[in-house]
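S.K.: Okay, so TrEMBL annotates it like this:
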TRANSMEM  A:63-82  transmembrane segment
TRANSMEM  A:94-116  transmembrane segment
TRANSMEM  A:128-148  transmembrane segment
TRANSMEM  A:188-213  transmembrane segment
TRANSMEM  A:225-246  transmembrane segment
Amino acid sequence: MQLISLSFFDLALAAGAVLALAGTTAAMKLGVTRTLVVAAVRTAAQLALVGLILEAVFAQERLLWVALMAFVMLLLAGREAATRQKRRFVGGYGFFAGTASMFLSSFVTAVATLVIVIRVEPWYTPQYAIPLLGMLLGNTMTGIALSMDRLTQEVWRGANVVETRLALGANGQQAIVDMRRDAMRAGLIPMLNAMAAAGIISLPGMMTGQILAGSPPWEAVKYQILIMFLIATGTGFGTLLAVELGSRRLFDDRHRLRLDRLRRI
Amino acid sequence: MTAARFQAIGLAAGTIGPIDIDVDAGHCLGLSAPSGAGKTRLLRAMADLDLHEGDCRLDGVSAANMPAPEWRRRVAFLAAESAWWADTPREHFDRGCEKLLDALDLTSALLDMPIELLSSGQRQRMALVRTLAHTPEVLLLDEPTANLDAVNIDRVERLIAAYLTTHRACCIWVSHDRAQLERVASSLLILDAHGQPCDAPCS
């Protein structure tokens, strides 16, 4: 098997299909045309840029470049997770909590996998390190964004319940125990669904890509299973950490509910 | 058996205060002020639920020298509108409360009713039972009889009076109803519209 290279004309055909969709939504006045076109342009531009960068980083194979790229990816993911919140923590705490959680879970998982499981030499070989970290960050980001959003929304709406519990002698974390549980679940559901549906309802994107690129299906499947487990681990621990950091921030040292630390977007 | 003395020294929250309060065991202080003067905020500050200035003490021990959850278990704030999180009242109780229910004419069958089927008056009395079940030493009551008819107002007033005596507890009772405060309280604190104490009895 060998890779069939795509020409610009091939991509233009696919872009034409998206344009057809945009034309249809515009005719139906669905109000999503602009967003659709912008998103499509962003996809092409961002991926093209990343392609150029990856080509350069792959050619260099230097730890500094890989680390720099990983760091930029982390910051972008942290920003993305923070802007998805309807009620953000004031003073950039949401960005901090999300980014710190992502850093700890994704980076530890990625490095451990490179060193212990894949055992590639050197461990930061960009061909392995960057895609691995990218998949981890992307999924962890989703989990963290969903869970933080759920946490702050639930506590905001349930402030009355929280304060009644506090007044009855509960400490801060006891007072939001069910909200924390909901937030955790919200963050983990996409990952749980993806694991449950993998191979039956959906063919995972990475595996599909590998097969299209000419890998034997069995090899692609093994990598996909590895990735699924890593995503589960990274997302799980990242979400756990983010919910913990967010929950703590909602109370002060006197266990007062501090909704003034949230602001509505 | 504890004998609780509650003090607030220079207590201020938002625009209200600073005020000083000293309530002895077995006593009830009536607190009255025009709507919007910040009575609720004052009670919340006493329970340490809000940021505030000044200090509150229970038997001479400052709130700051006690873990906040312990402080609030002992200095219990009962909001005018209490929240319920489980489906039935029973799930909100971790200890027996039959005597308290009896005293407020609530049947134990109500404990297994869906909360939303209880009347607002039943919910208010149930919330009082929930607070008293924790045997706090200081009661901070915010309009505890607002949704009740005359018979039940009387029941609540008697229950609180009995509680203060048997538990040597004390109470700060917020109400719009001056006549009620004259009945239940041994002293009165009247605040003006700006949340400042009136020296002369202002009306």
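Just so you know, glycine gets a Cβ as well, placed from its N, Cα and C.
Where the annotation comes from TrEMBL, it is an automatic prediction and has not been curated.
The shown structure was predicted, so the numbers you read here are calculated from the model rather than taken from an experiment.
Burial and contacts for the listed features, if you can.
M.R.: Remote same-chain partners of the transmembrane segment (A:63-82), defined as residues 6 or more beyond its termini with a Cβ less than 8 Å from a stretch Cβ, comprise 53, 56-57, 88, 92, 94-95, 98-99, 102-103, 106-107, 122, 124, 126, 129-130, 133-134, 137-138, 140-141, 144-145, 148.
Within the same chain, residues 54, 57, 66, 69-70, 73-74, 77-78, 80-81, 84-85, 94, 97-98, 101-102, 105-107, 109-110, 113-114, 118, 120, 183-184, 186-191, 206, 227, 230-231, 234-236, 238-239, 242-243, 246 sit at least 6 positions outside the transmembrane segment (A:128-148) and bring their C-beta atoms closer than 8 Å to a C-beta of that stretch.
Within the chain, the transmembrane segment (A:188-213) has long-range Cβ neighbours (under 8 A, six or more residues past its boundaries) at 3, 131, 135, 139, 142-143, 146-147, 219-221, 223-224, 227-228, 231-232, 235-236, 239.
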